Amino acid sequence: MSEARKLFIKTYGCQMNVYDSERMAEALGAKGYVLTEVAEEADMVLLNTCHIREKAAEKVYSDLGRLRPLKTAKPDLKIGVAGCVAQAEGEEILKRMPLVDLVVGPQSYHRLPDMLERTEGGARVVDTDFPEEDKFDHLPERKATRGPAAFLTVQEGCDKFCAFCVVPYTRGAEVSRPFARLMAEARGLVEKGVREITLLGQNVNAWSNDGRGLGGLIRELARIDGLERLRYTTSHPNDMADDLIEAHGAEPKLMPYLHLPVQSGSDRILKAMNRKHTAEHYLRLVERIRAARPDILLTSDFIVGFPGETEADFEATLDLIRAVGFGSAFSFKYSARPGTPAAEKPELPAEVCDARLQRLQALVTEQQRAAQVAMVGREVGVLYEKAGRLPGQMVGKSDHLHAVHVEDPAGRVGDLVRVRITASAPNSLAGERLGA
Ligand code: SAH
Ligand code: SF4
Ligand code: F3S
């Protein structure tokens with residue numbers, strides 16, 4: 001090949017898509033593609049999409065529309081749609097968007113290089129199978145990573161079927177990757193300079209293999225020399241097993257941060273959502289987690305305006321937020337998704353949803369500020385991920401996953417340093433390096 005072909009990937013949605021985009025880039029890398037940040041110079045554009053809310057899915061179509069002039073100027077340009085919109089809409093995408101050459105679902109992307117070859121002759125191809133073979137067995141080994149903090153998908157899919165959610169349909173049933181493979185992939189990442197790994201899964205704490213649960217996996221990973229920090233996301237409250245909670249107390253490499261979505265504080269709404277837990281169950285769980293690791297920072301996800309949500313139901317959600325005290329939270333207006341049970345039910349007026357979202361976000365913002373201010377004066381670990389905007393400044397994540405800016409002219413990406421927090425800004429902290 002004379003000159004490397006260029007690949008532009010745009011990633012939407014969750015961290016699992018970020019991981020998948022890296023693996024797809026590696027798979028195409030083996031076929032001679034190198035990544036570019038500039039869509040205009042690409043030979044292939046891949047959109048790795050998200051179907052979780054209507055807005056996310058519609059964004060994909062408007063972004064595809066914007067690629068039209070590129071395709072006109074360069075008819076050889078290949079355009080692919082991957083991820084959860086690809087899975088949910090498959091063939092439909094080809095019909096609606098004539099410029100798309102291939103559509104590949106999240107379980108089939110190891111076949112991407114072959115699919116691409118088939119498009120060379122002008123064919124348009126779709127693969128949204130949930131194949132028997134494990135895609136991870138058919139992907140090339142992990143390459144150099146983005147930096148000292150990496151993602152590792154350990155579990156995929158979801159069997160929970162929350163009434164509002166498309167993930168069980170787009171990602172399929174819960175599957176855990178084998179223990180030995182994960183250990184090998186983690187060791188490989190550490191050899192390439194990774195010092196922090198975030199274990200990923202749509203229901204990461206449902207991971208189990210050979211009698212081990214996620215707590216057991218974390219304990220084994222923690223024994224890898226050079227791997228200094230572990231995190232995991234996203235968890236379901238019903239899968240917080242005792243040994244995982246214990247690991248938060250016993251394993252210093254497991255960081256004091258946990259994202260634990262609850263969605264609502266109203267038992268009536270939780271039941272309608274098919275969450276299979278109550279608000280009380282969640283509050284008791286939080287107590288047990290905090291007993292194991294008192295300084296843990298908790299974050300969550302909330303949906304406002306779920307069909308049938310009354311003012312009293314919404315107040316119950318605010319009460320739960322007040323009772324827990326979150327470090328931050330993602331909150332969303334309910335979005336009806338085709339094919340889900342909740343989509344059959346009448347929706348609340350948009351103004352009601354808007355007003356509730358604003359009230360909830362105001363409360364969460366207040367709690368986020370309080371949690372950050374409480375860090376001032378404390379000593380934390382910070383793993384430098386990049387240079388800051390000011391000369392001599394480094395930026396990294398604290399143990400509690402706060403972004404921290406540190407004046408440190410000698411600092412380098414990958415350094416894990418002790419820092420005293422000196423100030424809190426709206427979305428980050430500032431600190432001074434200790435020791436060195
Ligand atoms: N598996 C994870 C996350 C799934 S998606 C979990 O169970 O927590 C991330 C978040 O998107 C969810 O936690 C939920 O708050 C939100 N979400 C999912 N479906 C939605 C919908 N139909 N409308 C609005 N928000 C939604
Ligand atoms: Fe969706 Fe519920 Fe599964 Fe989370 S647990 S991915 S919200 S169905
Ligand atoms: Fe979106 Fe699929 Fe992730 S729907 S949130 S990209 S699992």
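Each residue, glycine too, has its Cβ placed from N, Cα and C.
Going by TrEMBL, these are the annotated features:
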BINDING   C14, C50, C84  [4Fe-4S] cluster 1 binding site
BINDING   C158, C162, C165  [4Fe-4S] cluster 2 binding site
DOMAIN    5-121  domain 'MTTase N-terminal'
DOMAIN    144-374  domain 'Radical SAM core'
DOMAIN    373-435  domain 'TRAM'
Filtered binding-site residues, from C50, C84, C165, whose Cβ is under 6 Å from an atom of ligand 1: C165
Listed binding-site residues (C50, C84, C162, C165), ranked by Cβ neighbours within 10 Å, top entry: C84
Residue among the binding-site residues C14, C158 whose Cβ has the most other Cβ atoms within 10 Å: C158
Sorted by sequence, non-C158, C162, C165 residues with Cβ within 8 Å of centre, [4Fe-4S] cluster 2: K160, F161, F164, V166, V167, P168, Q202
Distance-selected binding-site residues near ligand 2 (C-beta under 6 Å), from C14, C50, C158, C162, C165: C158, C162, C165
Secondary structure tally of the domain 'TRAM' (373-435) (DSSP, helix then strand then coil): 1 helix, 36 strand, 26 coil
Cα distance (Å, whole number) from C50 ([4Fe-4S] cluster 1 binding site) to C162 ([4Fe-4S] cluster 2 binding site): 17
Check: same-chain CB within 8 A of [4Fe-4S] cluster 1 site center, minus C14, C50, C84: Y12, G13, M16, N17, T49, H51, I52, A56, G83, V167, T170
Mean of pLDDT values spanning the domain 'TRAM' (373-435): 96
Neighbourhood of ligand 3 - binding-site residues from C84, C158, C162, C165 with Cβ under 6 Å: C84
C-alpha spacing of C165 ([4Fe-4S] cluster 2 binding site) relative to C14 ([4Fe-4S] cluster 1 binding site), in angstrom: 14
DSSP-assigned states of the domain 'MTTase N-terminal' (5-121) in counts, ordered helix, strand, coil: 61 helix, 24 strand, 32 coil
Structural state of C158 ([4Fe-4S] cluster 2 binding site), classified by DSSP into three states: coil
